[in-house]
There are 2 protein chains.
Amino acid sequence: MRRLTREDIKKWKTSRQEDTSDIQGKVNDIVSGVRRRGDAAVKEYTEKFDGISLSDFRVTREEISDAYESLSGKYLDIIQEAAGNIRRFHEKQLPSSWFDTSQDGSMLGQKYTPIDKAGVYVPGGTAAYPSSVMMNIIPAQVAGVERIAMVTPPGTNGRVPIGVLATAQILGVTEIYKIGGAQAIAALAYGTETIPAVDKITGPGNMFVALAKKQVFGDVDIDMIAGPSEIAVLCDHTARAGEVAADLLSQAEHDERSSAVCITTSRQLADDLDREVKEQLKQLPRKNIAEASINFFGGTVVVDTMTEAVDTVNEFAPEHLEVMTENPYEQLGAIRHAGAIFLGPYSSEPVGDYFAGPNHVLPTSGTARFSSPLNVHDFMKKSSVISYSAAAWHRNVDKIASFARLEDLEGHARAVEKRKERFDD
Amino acid sequence: MRRLTREDIKKWKTSRQEDTSDIQGKVNDIVSGVRRRGDAAVKEYTEKFDGISLSDFRVTREEISDAYESLSGKYLDIIQEAAGNIRRFHEKQLPSSWFDTSQDGSMLGQKYTPIDKAGVYVPGGTAAYPSSVMMNIIPAQVAGVERIAMVTPPGTNGRVPIGVLATAQILGVTEIYKIGGAQAIAALAYGTETIPAVDKITGPGNMFVALAKKQVFGDVDIDMIAGPSEIAVLCDHTARAGEVAADLLSQAEHDERSSAVCITTSRQLADDLDREVKEQLKQLPRKNIAEASINFFGGTVVVDTMTEAVDTVNEFAPEHLEVMTENPYEQLGAIRHAGAIFLGPYSSEPVGDYFAGPNHVLPTSGTARFSSPLNVHDFMKKSSVISYSAAAWHRNVDKIASFARLEDLEGHARAVEKRKERFDD
């Protein structure tokens with residue numbers, strides 16, 4: 001593991017912004033193709049990119065129940081239990097509409113309403129992720145979204161992995177389409193002859209998916225533009241190098257562009273970590289990916305004080321942050337920017353990926369500065385409610401009209417003043 | 001006023017999506033110019049688009065206090081009182097970090113943290129809007145954002161309108177730059193020699209501003225992509241046509257592309273409204289704009305039942321919705337999509353623009369289907385917190401490792417299993 005400085009971490013933030021202009025043009029063509037030609041375009045792009053010609057994108061009820069039947073009971077039980085944990089954690093996020101009344105009879109408030117229709121993108125490719133299905137679908141269900149459509153790219157055999165379909169069955173999701181990439185995002189955003197449009201699209205994907213989401217943003221809502229995964233481990237001399245190494249590698253194995261950084265006050269730990277990473281890498285099945293990722297942006301920052309260590313964490317704003325210090329709760333208050341914070345030695349990052357309850361769809365590439373884990377609020381929206389009483393109007397009508405005239409909007413002033421005629425009668 | 005059908009309303013939603021590809025190219029050039037060349041590019045674009053050559057973009061403390069001194073005390077008092085109302089309403093939105101503990105010693109939760117740095121765009125042009133300053137700045141202040149930078153285009157005299165600066169002074173905002181358009185958005189997103197970058201940009205602007213915000217989205221967060229204003233008035237026979245007309249015109253006077261729609265169960269009201277709109281239009285200073293807007297997409301939908309009326313409202317998803325019916329609270333539950341809902345005859349829309357407390361930055365163009373008024377949550381983000389106990393780890397380690405292996409991520413399984421060595425010692 002390289003030794004990194006705080007300056008490296010700061011520079012990393014800006015260097016992570018990729019130049020995507022060459023892919024952007026292709027993505028725009030796909031999006032406008034689907035928007036203009038609907039299913040025909042989706043079919044063509046699916047042939048081109050997924051290597052399979054489909055006459056019908058919709059996954060049948062039989063395919064879903066067959067998948068469920070063929071997954072072993074052991075896995076079904078684990079998925080079921082994990083889904084229960086995730087549902088419980090997300091139910092605690094449910095907001096209430098609220099109002100505030102005044103003596104004068106006025107009422108002000110905020111009304112929460114779920115969105116009507118959500119589309120969820122579940123990545124395909126090398127790894128089929130039942131956990132992605134849970135993490136995207138459950139918050140939408142808890143929010144009360146009525147229609148949830150799931151899209152996922154088909155394999156070259158025209159099928160969706162059974163783990164993904166079995167999870168959908170467990171969650172009660174039945175509207176699933178075998179489409180992926182930018183064409184899937186465009187189909188969800190604008191609708192086709194067979195795929196009705198949705199109001200919001202969530203879920204991670206490759207660069208085509210990310211750029212397509214950005215392209216349709218505004219016409220529909222999106223969750224965030226996901227990049228490669230990161231982990232930072234903040235630790236002192238009490239941490240075990242073997243555990244730190246294993247946790248760093250668990251993110252490094254995701255993608256060659258993932259990053260895994262240890263930030264520590266212990267020089268000894270940094271040295272031990274080097275050996276451990278080297279050792280554990282040898283036996284890892286996804287060794288090549290993990291090694292490339294560690295070389296791409298992995299390393300250790302050794303600092304003198306815990307304050308400096310936490311400042312470095314905030315500058316990195318990692319997607320995942322593990323805190324393995326003498327008393328991790330003491331660092332919690334000073335940590336400002338991290339997608340998910342794992343406290344103590346037993347909170348290994350995969351605990352959160354699959355099972356504990358919080359969402360694993362997290363802000364990447366430093367966007368934890370301004371973004372949140374996927375959550376129930378993402379599938380709801382607020383409406384302001386204003387119920388002004390006659391008394392409140394009386395007291396404030398002249399001030400409101402003056403304000404409107406200060407902004408040169410006479411029509412606004414006249415609207416609020418129009419009510420004076422009620423008292424001329 | 002035209003008679004519209006529900007079909008017209010539905011078609012309107014899609015027809016509002018504009019083709020912006022010709023402007024997009026220009027905006028991309030401006031954004032990349034500022035990103036590459038910093039202040040020099042901002043200076044050039046300000047000369048080109050705002051017609052003024054500035055050596056320093058920063059508004060001085062004297063300019064701010066001079067503006068404050070020169071605005072009449074009457075206006076200062078009204079702004080002060082409005083700001084107090086807005087602050088109180090937004091303080092009620094402040095979320096708390098929360099946690100949930102288990103018997104086994106685990107703790108799960110969500111930590112709320114304000115973002116560090118926000119940039120607020122205040123439009124210039126024909127109308128200087130002190131209310132926009134309040135509506136963007138106050139939620140950020142209530143959230144606890146430490147650095148708030150405001151940008152607003154200079155007039156050809158190189159100055160910012162006194163109403164805007166006086167409002168900034170009242171709110172205690174001191175970092176103000178005389179820049180506008182796409183160049184202002186790029187400067188806030190990527191920083192220049194004199195303007196440090198921010199994490200999130202909010203506030204409405206013209207098409208250049210909207211497209212620049214979309215362009216930088218992902219590198220920073222943005223609030224939403226704002227379009228022209230809309231109002232819908234949902235009413236029955238109890239509404240007064242004169243008041244409905246005045247309120248419709250208050251939105252129509254904003255922009256030739258605003259829309260103002262009445263949805264009613266009363267044919268009589270629809271007829272009276274035609275006369276009222278015609279009459280009131282005659283004497284409106286911004287008559288030309290309001291008339292163009294009414295012709296662009298204004299009209300009345302007459303339906304048979306209140307249920308149908310509310311369904312039509314939801315299909316329109318208006319930015320502003322007034323409900324002037326016999327008992328407006330009875331409709332509130334069925335209204336799903338509206339930015340702000342004004343109940344009863346005294347809740348004329350300008351009440352919310354300036355004074356009552358809720359935000360006037362609202363989702364436009366049907367985006368109330370998935371977006372919210374600007375609010376305190378927009379300036380905060382969440383981090384998940386996972387503190388797994390040894391007992392919880394013991395109970396679940398094998399399940400978590402199995403799940404990881406189901407997803408073919410051996411490194412994940414090994415990370416969580418690595419803790420077993422603690423018990424081998």
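Placement of Cβ uses the backbone N, Cα and C atoms for every residue, glycine included.
Automatic prediction, not curation, is the source of TrEMBL annotations.
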Fill in: Identity of the Zn(2+)-site residue among B:D104, B:D116, B:D311, B:D353 (reference: B:Q251, B:H254, B:H412, source: TrEMBL)
B:D353
Worksheet entry | Candidate sharing the substrate site with B:Q251, B:H254, B:H320, B:D353, B:E407, B:H412 (per TrEMBL), from B:S229, B:S372, B:S387, B:S389 | B:S229
Worksheet item: Which of these recorded positions, B:Y121, B:Q183, B:S229, B:E319, B:H412, are close to chain A by Cβ (under 8 Å)?
Response: B:H412
Worksheet item: What is the separation, in Å, between the Cα atoms of B:H254 (substrate binding site) and B:E319 (active site, proton acceptor)?
Response: 13
Worksheet entry | Cβ-based isolation winner (fewest other Cβ atoms within 10 Å) among the recorded positions B:E319, B:D353, B:E407 | B:E407
Worksheet item: Can you tell me the three-state DSSP label for B:H254 (substrate binding site)?
Response: coil
Practice prompt. Counting other Cβ atoms within 10 Å, pick out the least crowded of the binding-site residues B:H254, B:H320, B:H412.
Written response: B:H254
Fill in: Between B:Q251 (substrate binding site) and B:E319 (active site, proton acceptor), the C-alpha gap once rounded to whole angstrom
10
Worksheet entry | Per DSSP, three-state class assigned to B:N206 (NAD(+) binding site) | coil
Discussion item. I want to check the contact list for B:Q183 (NAD(+) binding site): same chain, sequence separation of six or more, C-beta distance under 8 angstroms. What comes out?
Written reply: B:I30, B:G33, B:V34, B:A41, B:V42, B:Y45, B:T46, B:F49
Worksheet item: So how many other Cβ atoms are close to B:N206 (NAD(+) binding site), meaning within 10 Å of its Cβ?
Response: 16
